[in-house]
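S.K.: Could you have a look at this structure, given as structure tokens, before my questions?
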Amino acid sequence: MRRARDCLRRAALGRRHYSTVPKMDSSSASSSERYCFNPTLVWNPEVEEYFIKAYGAEHFAKISKSLTHPSSYSCIRVNTLKTTSDNVIKKLVSILDEKGICGADVWEQIVTVDVDQTVTEGSCSVTSTPLGLSSDLGNRQISGDNDALMMKIKNSSVYKCQYPGLDNVVFVQGSGPHSLQYDDQSGKPMKEVIVSRKCAEAVLRGAQIFVPGVLACSAHVEKGDLVAVSVGVEQHCSDGSWGVGITRGTVLQGLQSDPHYYERNGLYIGQGTALMSRAGIFRASEGIAVEMSLRVYRLPSFHDVLEGEIFLQNLPSIVTAQVLEPQEGESVLDMCAAPGGKTTAIAILMKDKGEVVACDRSHNKVMYIMKLAAEMGLTSINAYKLDALRSVCHVKEILDHEALNPAVEVTGAVEVTNGNMISNDIIKCSNGINLIQNGNGRKTADKRQLNQAKDRMNAVHKRNGPGRNHCMGGRVTTSKGYLPNSFDRVLLDAPCSALGLRPRLFAAEETLESLGNHAKYQRRMFDRAVQLVRPGGVIVYSTCTINPGENEALVRYALDKYQFLSLAPQNPQIGGPGLVGGCELFGGKFVEEWLTESEAKLVQRRRYSLNSMKVEHEDQIKQNSLIVNNFPIFIRKWLTESEAKLVQRFDPSSSLDTICFFIAKFIVGQKEV
């Protein structure tokens, strides 16, 4: 009994610690408080403490609030090899005007910012309309004699970016948050649907509600019915895990007994029209379930709009490709290329002259990169399936492979061209039968040797879609890696905790341990990037997280480990400076400490083993630690003030209104032999 009471007490403490929505009866919560969008981002308590120490409580509160809302505009990168920004503006105004989204009337309603405000971020100060947009509408040089269209353009919410070096960027202004009046259907309980968090985040960016995103629905919903849309956000469970706790297909009664009834207060994102009945929604596997008609944030959707001419991309991601400064004829590596936005941006900056190698370990993502490159008409992009941690291959490995496989004649299986080692599709065996290595690594007999029955079977499998490994069926080339010093420039847009993406309605899944694991993984990838770039080359490192342990700490690691690396100025410089200070690990927890020079000189070089709770000397690692109350503290210094000015940090709570992003640019000197 005592053990049971202890378990219940711990569960209650866990719920109280994480809960952000107080229990209340129906009389205590007004309709306006319930049917609105006012989310609170929930963090792991230790992670929250860590970020508060890094940014300060007030600044972190602003960041956390900004993350729950989308940017107030859409950012579009123009394919300048096919068209111009002015022509894109002309086409977008026409398209959006036809949809009733963009025009003079809408602009008057949604713009609430003074057009003469000064946007200041980092070293860039521009007096302009919001986001550095063009305020000189009358000087736009757009071909065409349609006076009515020209008037719409001058009064529309579509603008060319005026930041230096970003004339290929177009902004489409959105609006929100809006206070919506939900239809109560003459006093009857409102028909509702609950969507998953990820679905809701996409809807806030302008998407429709697709079938897989619907978790629960009111009874008797028919095609054409108006439904209110709320979000089912993960909740803290008694066992310490997180889960939505809603079985897909649950019937909503409009009562307090509905799933997450109180937790959904302030999590209504709009109203839409059901395109399927309730039964159809949960029977179908794909398709649009609800077409949104009223949104809390109104941002136009650019799905299938001007394909090949534009690409919807966050502003910091566009800046990252510009900072790399690729030149015509160079060999550039994008180590973690999916979904291909930065890859195509690099190829366009090179005027499609040279070679852009795009790698990703996911078969389907490589397929998407190839599709995007073809859509944009880019021929300099070569996409391969390759894990970034296996991207470096040495000549000795080739010789060992040939020595261990004498019976197999590998025709070009490892072809070395400018340091690029790529596996061939066809392998000739000693028995005379050709094997084809497909994208998922399996080897099958040559199609010419298959009988018709197997051909028909393969055709059926292809029509049925993805197999058990979720491969979409297309063929991609698998790379065996690249020789050291193979590339002029390397972009490492590293996989990260993604805690800077917007909108984000849940963040508590990340712990201090998981953040540390992200950092370790990124360091290993950066080590590969250093090996692959030539002396005199450039490495650009970027992430989309607010975690300084994955940003400034990586820069500190790189500069301390590789003496031939140095930070370089960035162009364009739009974001703010990096963080100055250091990161501590005390008792297994990250906290912040701003050390003076005199304090830094007092540290002892030691390494702390968390598992054994012992202190071990390790002279090979330059790891500082302090002994406080018999407990060692890891001190990992970040950036000096001069170094912080050379990186870019995009703050979601700043006037730029972007996602959180970090960019560092390294110049590679003469490497040590």
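Backbone N, Cα and C define each Cβ position, glycine as well.
Note that this is a predicted model, so its numbers are computed, not measured.
Checked TrEMBL, it gives:
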DOMAIN    243-669  domain 'SAM-dependent MTase RsmB/NOP-type'
BINDING   CYS336, ALA337, ALA338, PRO339, GLY340, GLY341, LYS342, ASP360, ASP387, ASP493  S-adenosyl-L-methionine binding site
ACT_SITE  CYS544  active site, nucleophile
S.K.: Relative to the Cβ position of ALA338 (S-adenosyl-L-methionine binding site), how many further Cβ atoms are located within 10 Å?
M.R.: 23
S.K.: Enter the number of other CB atoms within 10 angstroms of the CB of LYS342 (S-adenosyl-L-methionine binding site).
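M.R.: I get 25 for this one.
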S.K.: Output, ordered by sequence, the same-chain residues six or more apart from ASP387 (S-adenosyl-L-methionine binding site) with a CB under 8 Å from its CB, or 'none'.
M.R.: ARG361
S.K.: How many Å lie between the Cα of ALA338 (S-adenosyl-L-methionine binding site) and the Cα of the residue listed as 'active site, nucleophile'?
M.R.: 14
S.K.: How many other Cβ atoms sit within 10 Å of the Cβ of GLY340 (S-adenosyl-L-methionine binding site)?
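M.R.: For GLY340 (S-adenosyl-L-methionine binding site), the 10 Å Cβ neighbour count is 26.
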S.K.: Roughly how many angstrom lie between the C-alpha atoms of the residue listed as 'active site, nucleophile' and CYS336 (S-adenosyl-L-methionine binding site)?
M.R.: 13
S.K.: What is the biggest Cα to Cα gap, in Å, among CYS336, ALA337, ALA338, PRO339, GLY340, GLY341, LYS342, ASP360, ASP387, ASP493, the residues listed as binding S-adenosyl-L-methionine?
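M.R.: Overall maximum Cα spacing for these binding residues reaches 19 Å.
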S.K.: List the same-chain residues at least 6 positions away in sequence whose Cβ sits under 8 Å from the Cβ of CYS336 (S-adenosyl-L-methionine binding site), in sequence order, or say none.
M.R.: CYS359, ASP360, ALA388, LEU492, ASP493, ALA494, PRO495, MET525
